[in-house]
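S.K.: Take a look at this one; I'll ask things after.
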Amino acid sequence: MRPVSLTVVVTTLLFCSATWVSAKPVSLNLLGRSQAGLYTLIPSEDESRWLRNKGTLVLGTSAPDYAPFDISTGSDYYEGISADYAGLLSQLLKIEIHVNRYSTRLEAIEALKKGEIDMLATSNAYEQEAPQLTFSTRYVIDTPLLVRRIDKPDISGPEGGRLAMLYHYQPVDRVKKIYPNAQLQLYESTLGALSAVTFGQADAYLGDMISTHNLINKNYLNTVYFKALANLDVQGFHFAMLKSNTPLLGLVNSSLALIPESEANAILSRWGVSGIPDTHVQTLEFTQAEQRWIENNPRLKVAVTDDFLPFTFFDEQGTFNGLAADLLERISLSTGLKFEVISVPSVSALVASVTEGKADLMAAITPSNRRLDNLRITKPYLSTPYVLINRKQRHVGATLEQLKGKRVAVIPDGSMATFLAEHHPEVKFVYAQNAAQMLDLLAHGKVEAAITPLISARYLIKQKYASQLKISSTVGKTPAQFSLAVDKNQHDLYSILSKSLARISPEEMDSITHRWRSALVLDNFASKTHYASILKITATAAGVILIAIVWIVYLRRLIHTRSRAERALNDQLAFMRTLIDGTPHPIYVRDKDGRLLICNEGYLHTMGLRHEELIGRTLLELPFNPGQQHVEFHADYQNVMKEGKPLMRDQILKLKDGAQLTIYHWVLPYHASDDKVVGIIGGWIDISERQQLVVQLQDAKEQADQANRAKSDFLTTMSHEIRTPMNAVIGMLELAMKKAEHGVADSESIGVASQAAHGLLELIGDILDVAQIESGNMSLNQQRTHLMTLVQSTARVFEAMAQQKGLLMSFDLDPKINTDVLIDPLRFRQILSNLLSNAVKFTDRGQVRLSVRANQGDDQERLKVSVLVEDSGVGIGADDQLRLFRPFAQVNNRQQPPGGSGLGLMISRQLCEMMGGELTLTSTLGKGTQIKLSLEIVTVLSQKPDVATSEEPVRQLRPLKILVVDDYPPNRRLLAQQLHYLGHYAVEAKEGAQGFKAWRTQPFDLIMTDCAMPVMDGYELTQSIRAEEAAHNLPPILIVGFTANAQIGETERCLAAGMNDCLFKPISLHNLEARLACADLIPIDVSDDKPACTTHKLIDLEPLERLANGDAHTLKHLLEPLISSLEEDMSALLKAFTKHDLPGMSDVAHKVKSGARMVKAQQLVMCCEQLEQACLAPEWSQLAQRVDEQYEAMAQVLELIEVYRV
């Protein structure tokens, strides 16, 4: 590895030396510039005795200087504001005061605590954190001020930022409370903190107004500005002393009270405090109209010309700067207005931008008669003389009188152009857009002179033309007066700006302009009478100076050589310091023993410790102990230095506050000039967020794997649960068909198949219930229901089942339930049926007991109902009870084979919770089970039991004339045959338009229509009929939708179209008869109406055989349209696919699906649905596969029903 450069080594040694400096204070002489004068202090006898015994007082201060309060740099004297007050104390108390300066504020405070000093100057809230100290009355007000870069946002906003502060100005906790989003950066000096803002290492600076103003003006820090008062509660600057030193506190306070206000103001003025912006004044007294104008126009556009130094210009970063920028910021501070800068190329464009409404005001303009016609110009904020500028080499005239016939560059429409036209018409005017262009014309010989304001001329000449141009003389008697200007119609804005300028005091205005003045105006009109004397003196002095110059040149060469070397070294050190501190990641340097030599701000911030707590210490000597971590890190350092190889790896870093970071840690050995390892350079990058993302990615992967396993488990379970009853259905029907071929009717096999099919239908219903519950679509339909009737009707069903198994079934029904309540009867019956069914199913001997008790609720309208189902069956083990309410969970019982889907109890508990109740289970293996249902329901006034709970027989209807509208012939023929079987007369229509025509020509009692049809669907048919009825005042006919689309909301869609009811395919004869017998056609939840679940069985002709009463001839007539339709649809499907006709393929799929449901060809139904979905978002490779699957399924079904064609 290459050795580390000398610069790094020297930097390391310089930083290390800070820890080796002796803590011995430096003695300084007090230099107070104020005199006590006429006011004196007469102490008491005790106080006089104390002063005599004391002899001298020791005043403490700390390095570096805190100007203008504490100044001692480069001398043995202590001066400043605090020194002047200390001098007055010395005079008033007639006691000598010595000054000790300590290297840090903490050392000074510690010296005060130990009694090494009597007082500590310039103390504020930072020292007040020490409980042993007390404070004198304040001698200077402390006004906290927030200063930020011009190009940075507000530090108090939600984005925060980097806030720089002197480490002993304010307590850190107090500042963080005011600026919670800011990143606080502490510095050893105010200049270092404010410079960090100036050079982009921090975004804002917090300090007192006096020292801040002093630094900005004396160091010409033009990239920052006063933002506003910081929202800190401070008292001021005091003398700090021990609480036990009561005599001194009284003497100091008495002395400070004698100092008059005039002397206090003189002290402040002496140190340049006059002219500080009055930051207490945030707003001015505006009229209501002006205040409304400010509220409606919070942001104003300001037109400026670029490179109009020093008024308006843009620096290298594109930031608006200059005297006008400072003035606008002061106006913004007092009015709340914000300014957006617009740059224009010329003065004329400046005026045009305001008059044409592109800008609201101009920042720097000189008034003229022509401009006053269109503008309102405020009082001037700066006056400076006009000067004449010539070329140094070709000087043609120092005054306008000497420039007759010569070309002079001026700004058009300005006051100087008017003056020249009136008083010097013999001069040839050349108009320029701005001052910069005038000087450019002069430098290139296109004019002989130029006239511009002095302050601007000096900036521009110094910047570009120092060797070419010079200022020759002043021009005219009236100086250039710079003002703000607005459009003449902007009365409110003019008034606001005028009031803001009037509020700025002359001292404050001088303070604003002081930074932008480089020198005084030259007097080119000195008296010529002293020319000879001056010449003689100059000649004499020239000889002396010439001799001195030879000696000075020699010395300067030596000094310059040394200074250049020192400056290069200092520049290199400053560069390295900036490079280290400017790096956002922590960096540190340790010596061979592991002691810290250098670290950057990032390292201090992460470790949460101060600079003095880390420098010169190893990790093992830090003030907090994170356990084994420091030992491991220290061992890593030693290994790197021993082996001479870098170390780079991920590690866990424990911080002082207990937090942990995952870091990418790198440690490099560095070598001296003799190639020996003398230490290590290290740092790290915080990768905690990346590590967290890796963990989240792993968690997401595990969740995805778990979801995939859950899907596989569900498919496996469903495959088993569906195949088990399907095996019975297919096997028994196969046996029945074989026996039928020999003329034997096997009713037992058909009964077993029917029982298995109903079990499969129950499973499908349970799965749909679970899906509705999990998706949040399950809702309760509360109705007035007679509770006693509902319980008895449900229990009677299972009483017969219990008798068949030889079980005793007893009922204990509380008379209080003989009332009407608001409940969902269907869901309550579902819960109670499941509980009773399980009790009977899993009990072989003994009894099943149903007990229903009721008590009055918290109010008279509520009833607390408790339903208890007990059995003496096989019972449930403890392990089974834990998983019994999970989906597909069943009891492991060898004596009782499993039956059902394992979803009943889970659904019952979910429904119970939706009703606001609770379902609990208690069981002992081999002794029976108790399941308790508890819920609270609302009672209503009793009346006849609700229809929903009664078991009324289906009413017999007179023969009806019914119009059947369906585009699929097999479905249309099946429904017509069902209606004929039930004794009704059916008229068929193959699509909506034909059905509408039939309705208009024939009277019908009822219309049953498919919903999805070509040309005119069922919704359009219904709307057309309803519109016709309304137009001709016809009585409305009953219309029932009959669709295979069993999605949620289909019933509402049918009712919204004007239908009276909606039925779902397929439907049994019993349910069809029941729905026709219902007078108001309210939809009821019939299991046969639910959409059939996909199975592996190809077709099921049992419903058609029942419809045909076993007559083969009738069955043939029922199937013949389906066979013909399938043949046509197969051809139509291929034709549509060849033409890429997506709507045509979708229509064929929908049409075939309807016929497939008629023969329960579930595989074909599934293929149709998949093809319909594929047509919605076509992917031709996938679409071709779906068409092939449907075509093959249609061919299989056609092959099976072809045997019925005669």
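Using the three backbone atoms N, Cα and C, a Cβ is placed for every residue, glycine included.
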S.K.: When TrEMBL marks a stretch as coiled coil, which of 46-73, 606-633, 690-717, 942-969 is it?
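M.R.: The listed stretch tagged coiled coil in TrEMBL is 690-717.
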S.K.: What's the CA to CA span in angstrom from D1010 (4-aspartylphosphate) over to H1150 (phosphohistidine)?
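M.R.: Here the two Cα atoms lie 11 Å apart.
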S.K.: From the DSSP assignment alone, can you count helix, strand and coil residues within the domain 'PAS' (572-644)?
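M.R.: Each residue of the domain 'PAS' (572-644) counted once, the result is 41 helix, 9 strand, 23 coil.
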S.K.: Within 10 Å of the Cβ of H1150 (phosphohistidine), how many other Cβ atoms can you find? Include all protein chains, please.
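M.R.: Here the count is 22.
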S.K.: Using DSSP and collapsing to three states, where does H1150 (phosphohistidine) fall: helix, strand or coil?
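M.R.: Reduced to three states, the DSSP call for H1150 (phosphohistidine) is helix.
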S.K.: Between 0 and 100, where does the mean pLDDT of the domain 'Response regulatory' (961-1080) sit?
M.R.: 86
S.K.: Mind giving me a neighbour count for D1010 (4-aspartylphosphate)? Other Cβ atoms within 10 Å of its Cβ, every protein chain shown.
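M.R.: Its Cβ has 28 other Cβ atoms within 10 Å.
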S.K.: Looking only at the domain 'HPt' (1111-1204), what are its DSSP counts of helix, strand and coil residues?
M.R.: 84 helix, 0 strand, 10 coil
S.K.: Using DSSP with the three-state reduction, classify D1010 (4-aspartylphosphate) as helix, strand or coil.
M.R.: coil
S.K.: What counts of helix, strand and coil residues does DSSP assign across the domain 'Response regulatory' (961-1080)?
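M.R.: Per DSSP, the residues of the domain 'Response regulatory' (961-1080) fall into 55 helix, 24 strand, 41 coil.
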